[in-house]
Amino acid sequence: MDLKIDHALIVTMDAGMTIVEDGSVVIDHGEIVAVGPSTILKKRYNAIRSINAAGKLVMPGLVNTHTHAAMTLFRGLADDLPLDAWLTKHIWPAEAKFITAESVRSGANLALAEMVRSGTTTFSDMYFYADELAMAANKAGVRAVVGEAIIDFPTADSQSPAESFATIKELAAKWKNDPLITISVAPHSPYTCSSETLKSAKKLADDLGLPLTIHVSETQKEVSDITKQYGMPPFEYLDSLGFFGGTVIAAHAVYPTSSEIMLMAKKKIGVAHCAVSNMKLASGVAPIQEMFNAGVAVGLGTDGAASNNNLSMFKEMNTATLLQKVSRLEPTAMSARETVKAATIGGAQVLGLDNLIGSLETGKRADLIIIDLNSPHLIPLYNVYSQLVYATNGADVETVIIDGNVVMQDRKLLTLDEEVVMQEARKLALKIAEGEE
Ligand SMILES: CSC[C@H]1O[C@@H](n2cnc3c(O)ncnc32)[C@H](O)[C@@H]1O
Ligand SMILES: [Zn+2]
């Protein structure tokens, strides 16, 4: 065996929500070979390397179902604005000026460092120059669903939809057998892509067997514009185009009607719930408890660092649950347990990767994080889910393992040169601040 983690408090997130108090996880060739009591597994398995995790919690790595990694470069550039003005007056002009293959590489590396540090082991992205992100994630050893952006009007990478489709075909062929990278088809939204573009995106996804990801029903303005233009709200409109049926990651989903929520459950549309971004842009409160009640698969997403302004899934968990409770005046809404599920196995379901990741079970890939419980803010520990959602933060993550490889150990990043990554990002940020090209 390659690696054994012993004496941990293991939160498996398997179907039985098993918790093992003094447990071991045994890993070989990137796969989980056994999970169970250390008293039994320590005798049964020898490993080349072992980690003594006494006083630590082991859980599945967190799954960020919606982000734009390279947008770390725009963190804090335009705050305190609604989505429409934020995008059209600030972000799109900045992207037109500063987004290049080089800046995407730099922003992506910065995001990768931040995500690994806060316990994210898989993320789903949609942006321009997607190959740069795929290469950066692959090099850093981080699992990613990488979406090449499709928008009808001229964008940061100057690609028409037809050119984006050609790029996606090339990317799908290039990354086909990669263990960490899945390419996705990423039309931006129903208000920036025509019906023809959306139908072609769906056809491409079907032909290549790729997931689709899209921003949908994010603001009241979007719902009213789409309803005026097409005579129905965004999810119904996409359904009328035949958009659903395969893996679809719907980011935001703030304003689905009750019949659209039924549709989401029926068509197995996965939701990337971005609570912090929806609050910061004052977009609204997504009806997550209603979605749970209807059986919709819900994951959590940070959105990009320009609308959050960080990529911590611990902050996202905390905000998501508190937002449901206060908006419904219902303290039982979105329980801590449901929230940890959304951040792990629920997110894996949304991405169509739950056969591989999302829980610690024999046969799954070894994507897991080790959290140091020896901190004043984590004592006492009565309920692990409450502790993870209400008390833990990203900086408590000590070690991160993805596909069996240790990518952060004792808070040192092993696959990214953090100093170089920060230096390069600072250099680009200087140009952005000065407004230079
Ligand atoms: C095709 S995805 C890249 C595109 O999306 C923009 N973007 C970032 N966050 C949001 C959001 O919350 N709603 C809509 N669009 C968003 C990003 O700036 C890129 O232009
Ligand atoms: Zn987004």
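Placement of Cβ uses the backbone N, Cα and C atoms for every residue, glycine included.
Positions annotated as Zn(2+) binding site by TrEMBL: His66, His68, His215, Asp303. Under the heading substrate binding site, TrEMBL lists Glu95, His188, Glu218, Asp303. Annotation comment: TrEMBL describes 57-407 as domain 'Amidohydrolase-related'.
Residues His188, His215, taken from the binding-site residues His66, His188, His215, are distinguished by a CB atom under 6 angstroms from ligand 1. It is Glu95, among the binding-site residues Glu95, Glu218, Asp303, whose Cβ has the fewest other Cβ atoms within 10 Å in the structure shown. In this model, the domain 'Amidohydrolase-related' (57-407) carries an average pLDDT of 97. A Cα-Cα distance of 18 Å separates Glu95 (substrate binding site) from His215 (Zn(2+) binding site). Comparing Cβ neighbour counts within 10 Å across the binding-site residues His66, His68, His188, His215, the minimum falls on His188. Neighbouring residues of the recorded Zn(2+) site, listed in sequence order and excluding His66, His68, His215, Asp303, comprise Thr67, Met126, Ala251, His252, Ala272, Cys274, Ser277, Gly301, Gly304, Ser307 (Cβ within 8 Å of the Cβ centroid). The binding-site residues recorded for this entry are His66, His68, His215, Asp303, and the Cα of His215 lies nearest to that of His188 (substrate binding site).
Residues Glu95, His188, Glu218, Asp303 are listed as the substrate binders, and the farthest two of them sit 21 Å apart at their Cα atoms.
Highlighted here are the binding-site residues (Glu95, His188, Asp303) whose C-beta falls below 6 Å from ligand 2: Asp303, in sequence order. Taken residue by residue with DSSP, Asp303 (Zn(2+) binding site) is part of neither helix nor strand, so it is coil. Annotated pair Asp303 (Zn(2+) binding site) and Glu218 (substrate binding site), C-alpha to C-alpha distance, rounded: 12 Å.
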